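The following features are taken from TrEMBL:
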DOMAIN    22-292  domain 'THH1/TOM1/TOM3'
TRANSMEM  39-59  transmembrane segment
TRANSMEM  75-94  transmembrane segment
TRANSMEM  114-133  transmembrane segment
TRANSMEM  145-167  transmembrane segment
TRANSMEM  179-201  transmembrane segment
TRANSMEM  222-247  transmembrane segment
TRANSMEM  259-277  transmembrane segment
Amino acid sequence: MYRAFVGPFDSAVILTVTIKDASKWWHILNDTPIWQDRIFHGLAVLYGLVAIVAMMQLVRIQQRVPEYGWTTQKVFHFLNFVVNAVRCLIFVFRRDIQHLKQEILQHILLDVPSLAFFTTYALLVLFWAEIYYQARAVSTDGLRPTFLTVNGIIYAIQIALWLAIWWKPGRIMVILSKMFFAGVCLFAALGFLLYGGRLFLMLQRFPVESKGRRKKLQEVGYVTSICFTCFLIRCVMMCFNAFHSVANLDLLEHPVLNLIYYLLVEILPSALVLFILKKLPPKRGINQYQNIR
């Protein structure tokens, strides 16, 4: 009886062949128009589904508490709907966007939903910060003005960068714009780690053992982990995108990379957070209507 042994050289040959096959398929998916259409249409469908879920949740909340206006919970779901609906339209009309004469318009159309995504999930950080400081009997009067100020500064800087790119197009300004947004993503990731972690530890030390407490503890832990991871991945990816053409996220240049990127940093996190926070507010209890559940 004979046995075939695979030596180190054979293993290296097999690995090389496997890498070459994977590279071949990668280029086929990236360069074939029909696969480009399938990938981008798939992304559009996924974004559309998440947008529909967010709108349905907003309608359910409005039906449950119609007498109250735009609570934090309603704004969160509405912004989720807007971000995902705009992304869906961008991927549907990607070829028209790609052929816009003004390159700055492409940057704006791709960057605005990303900024809105940051604002949407920064609301969770704001909400958790309010809970944490209220539980420690610390005034929260300055939190909302701080939230609005920080968002205003971020949007103002990004608008200034767009104007600079439009006035004097160049690689340097595009790199600055991408690195700025990478910094914004890192800021959001640290915000989730700080206030989500604090709230998680506070709930963990809370003496009352109940099903509601355990569920809230799991909810905060899951959402903190998901959002911290997605913003950290986005930060790292934007840094690579700024300096390496291989990681370019232009609409038609790397469709497979776009699929992986947007799945990891927007679609999956949004879907998971919407599922975790699917609980409707109670019909009675004025103080609970402000909560994101």
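Placed from the backbone N, Cα and C atoms, the Cβ positions cover glycine too.
Curation plays no part in TrEMBL annotations; they are all automatic predictions.
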Discussion item. Let me check one thing: do the transmembrane segment (39-59) and the transmembrane segment (259-277) come into contact, meaning three or more Cβ pairs under 8 Å with sequence separation of at least 6?
Written reply: yes
Response to the item:
The predicted model's mean pLDDT over the domain 'THH1/TOM1/TOM3' (22-292) is 85
Worksheet entry | Annotated stretches the transmembrane segment (259-277) and the transmembrane segment (179-201) touching (3 or more Cβ pairs under 8 Å) | no
